[in-house]
Amino acid sequence: MTEDSTEDYLLDHHHQEETLPTTTAVTATNNSGKLSIIPLIFLIYFEVSGGAYGEEAAVGAAGPLWAILGFLVFPFIWSIPEALITAELATAFPGNGGYVIWAHEAFGPFWGSLMGSWKFLSGVINLASYPVLCVDYIKLVFPILSSGLPRYVAILLSTLFLSFLNYTGLVIVGYTAVCLGVVSLLPFVLLALFSIPKIDPSRWISLGQKGVTKDWSLFFNTLFWNLNFWDNASTLAGEVEQPQKTFPKALFSAGLLTCLAYLVPLLAATGAIPLDQENWVDGYFADAAQIIAGKWLKVFIEIGAVLSIIGLYEAQLSSCVYQLLGMADLGFLPRCFSVRSKWFNTPWVGILVSTSITVAVSYMDFSDLISSVNFLYSLGMLLEFASFLWLRRKSPTIKRPFRVPMKLPGLTVMCLIPSGFLVYIMLVATGNVFLVSSIVTVLTIIWYFAMNFCKSKKPAIVEDEAYLE
């Protein structure tokens with residue numbers, strides 16, 4: 001979205017709530033530069049999942065039956081509400097920035113700025129784990145990358161390479177995600193086919209081995225983080241072809257693909273192999289594939305894991321970058337964040353900043369950082385739920401091309417259930433996590449008022465001066 005088009009969108013929306021706000025991306029005159037439905041489906045898929053990699057811990061924590069039920073039931077408690085909210089608000093406010101725009105429209109620019117910082121930092125710090133995971137797989141072939149300078153160089157080069165791919169354009173990233181998704185899913189399709197003759201359905205109803213204590217915290221965390229981030233693609237709404245029609249269809253299709261990508265391999269592996277619960281940790285699907293079909297399938301799944309990590313990185317970096325672009329258009333960041341490359345039409349400043357943070361965090365200890373990410377993300381999601389409910393009450397006449405078919409009381413109940421999980425995550429946080437999250441929030445507040453002060457002195461720093469006052 002160009003700055004002029006954002007200004008038109010904001011003024012039109014505030015003065016005529018009955019009319020659907022329209023936005024035009026910088027590429028609006030060229031539909032070939034817009035995301036169509038298939039690439040968007042796979043970008044959403046990689047925002048949320050990327051495949052069955054990582055779901056093994058649910059079996060190790062609670063046994064096959066609870067794991068299967070978890071991946072059947074939890075989408076209705078968490079994923080579907082989040083996807084429905086995204087579908088309604090992304091079509092009502094089809095601009096880059098997504099949830100930042102929603103909080104801004106619901107509660108004003110101060111809360112939009114907070115939403116932006118919470119979501120961006122949680123996303124970009126999470127992003128830093130993917131090059132590290134990628135190198136962890138590559139070191140199985142090249143052991144020299146296990147430690148020391150070679151490992152640091154490999155992480156740096158892989159991060160720069162993946163970020164450069166993002167720089168070449170969102171359409172290229174989208175079709176790359178399609179290819180990565182198909183190839184990374186293929187080994188699990190083969191796993192399911194080879195498992196059929198060996199499946200014993202009675203293994204699916206096992207509650208776990210005797211003597212193995214259930215780890216419910218690990219179980220719910222595994223479900224939560226494998227079925228999350230449905231709203232991330234909303235930051236790309238300004239780059240999507242006919243977002244009012246495309247987003248609901250893409251979210252539904254990505255949801256179906258994600259559920260099948262989790263359930264089919266889970267049913268195949270747990271049904272075909274006698275249960276040894278302690279073996280069910282991250283990466284066990286590769287070992288299960290070797291038991292079921294041979295070493296060739298194990299290697300194929302490990303290759304698929306690397307491709308999935310690349311897809312995860314590209315999708316989530318795109319979300320972070322276009323969120324920054326949207327925040328610049330709204331006046332929360334300097335205008336340079338909305339500048340696009342002359343060659344690829346991508347917001348190169350956002351890519352540079354996001355990549356720099358990713359590289360820095362890649363060399364840090366992830367333990368406290370990830371806990372802080374979870375806390376910041378929970379804050380952002382609670383604000384998102386509140387924004388959705390308040391917009392329904394505050395602006396009932398806004399045209400919503402997709403509308404969740406419930407009235408406000410039902411929507412409140414729908415949001416309260418996942419909010420309970422978010423509150424639980426925040427309550428069990430350590431003192432260090434509270435401290436880090438508080439510092440981030442305070443710095444965001446200082447930045448918000450500093451930007452307003454700079455605007456009053458130098459209006460050229462950001463666009464739309466009057467809007468934020």
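Including glycine, each Cβ sits where the backbone N, Cα and C put it.
Straight from TrEMBL, the features:
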TRANSMEM  35-54  transmembrane segment
TRANSMEM  61-80  transmembrane segment
TRANSMEM  120-142  transmembrane segment
TRANSMEM  149-167  transmembrane segment
TRANSMEM  173-196  transmembrane segment
TRANSMEM  250-273  transmembrane segment
TRANSMEM  346-364  transmembrane segment
TRANSMEM  370-391  transmembrane segment
TRANSMEM  411-427  transmembrane segment
TRANSMEM  433-450  transmembrane segment
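Sequence-distant residue pairs (6 or more apart) of the transmembrane segment (411-427) and the transmembrane segment (433-450) include fewer than 3 whose Cβ atoms are under 8 Å, leaving the two stretches without contact.
Between the transmembrane segment (370-391) and the transmembrane segment (173-196) there are fewer than 3 Cβ pairs closer than 8 Å, counting only residues 6 or more apart in sequence, so the two stretches are not in contact. Most Cβ pairs under 8 A with the transmembrane segment (173-196) among the ranges 35-54, 120-142, 250-273, 346-364, 433-450 are made by 35-54. A contact between the transmembrane segment (149-167) and the transmembrane segment (120-142) is present, since 3 or more of their C-beta pairs, 6 or more residues apart, lie under 8 Å. Tertiary proximity for the transmembrane segment (61-80) is limited to same-chain residues at least six positions away from its ends with a CB under 8 Å from its CB atoms, namely 48, 55, 203-209, 212, 214-216, 218-219, 222-224, 226-228, 230, 255, 258-259, 262-263, 266-267, 270, 275, 277, 417-418, 421.
Cβ atoms under 8 Å from those of the transmembrane segment (35-54) belong to residues 79, 170-171, 173-175, 177-178, 180-181, 184-185, 188, 222, 225-230, 232-233, 236, 239-241, 246-247, 249-251, 253-254, 257-258, 261-262, 265-266, 282-283, 285, 304-305, 308-309, 311-312, 314-316, 318-319 of the same chain, restricted to positions at least 6 beyond its ends.
For the transmembrane segment (120-142), the residues of the chain that approach it from at least six positions outside its boundaries are 151, 154-155, 158-159, 162, 232, 302, 305-306, 309-310, 312-313, 316-317, 319-320, 323-324, 327, 354, 357-362, 364, 366, 369-370, 372-374, 376-377, 380, 440, judged by C-beta separation under 8 angstroms.
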